[in-house]
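What follows is a short report on a single structure.
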Amino acid sequence: MSKRRGLSLEEKREKILQIFYESQDFFLLKELEKLGPKKGVITQSVKDVVQSLVDDDLVSKDKIGTSVYFWSLPSCAGNQLRHVQRKLESDLENSKKKFVELVDKCNELKKGREESDERETALAELKAIELKHNELKEEMVQYADNDPAAFEAMKKAIEVAHGAANRWTDRNYRRFRLRGVLACSHSNMCSWR
């Protein structure tokens with residue numbers, strides 16, 4: 001007793017296309033759902049398979065009144081494949097042209113960059129300058145804490161924070177005093193009630 005393997009999506013698509021090509025007729029979805037099992041495609045998957053064929057332009061679909069008709073003719077499929085072939089050939093030609101242009105541009109850019117003692121000396125000098133530049137940047141980071149501009153900015157930030165803290169303290173003091181929570185005597189001694 002061997003188990004029968006189900007059809008893959010591609011096999012189902014081929015079977016449904018055979019239905020169209022053999023009859024060269026128009027079908028409703030219900031008719032296709034009846035013909036599908038005869039070709040080995042289960043009824044529940046016929047709708048999805050037909051929709052995938054419509055999405056790939058292998059089957060045409062048109063709504064006439066309240067009915068939706070599906071059809072596909074072998075000549076239409078051939079025309080579509082020829083159209084795809086022409087498009088791919090055009091893309092290939094464009095890619096080849098672009099490749100040649102890029103190779104030419106690469107060769108043109110290499111012209112002024114041939115290996116020579118002068119070039120190697122200049123590159124070594126450039127590398128040394130870049131290393132020195134990076135060392136100086138690291139040293140600047142170490143001295144950033146002693147930067148006069150940063151010190152002044154910190155002083156101003158402290159003054160702003162101090163003023164803000166005093167304002168909040170004054171506001172809270174007035175709020176408590178207005179509510180009567182604090183009673184202050186004439187000697188400026190405050191006590192809680």
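Glycine residues also receive a Cβ, built from the backbone N, Cα and C atoms like all the rest.
Under the heading coiled coil, TrEMBL lists 85-146.
Summarising the annotation, TrEMBL assigns domain 'Mnd1 HTH' to 16-74.
When pLDDT is averaged over the coiled coil (85-146), the result is 88. Residue counts for the domain 'Mnd1 HTH' (16-74) under DSSP, split into helix (H, G, I), strand (E, B) and coil, are 33 helix, 12 strand, 14 coil.
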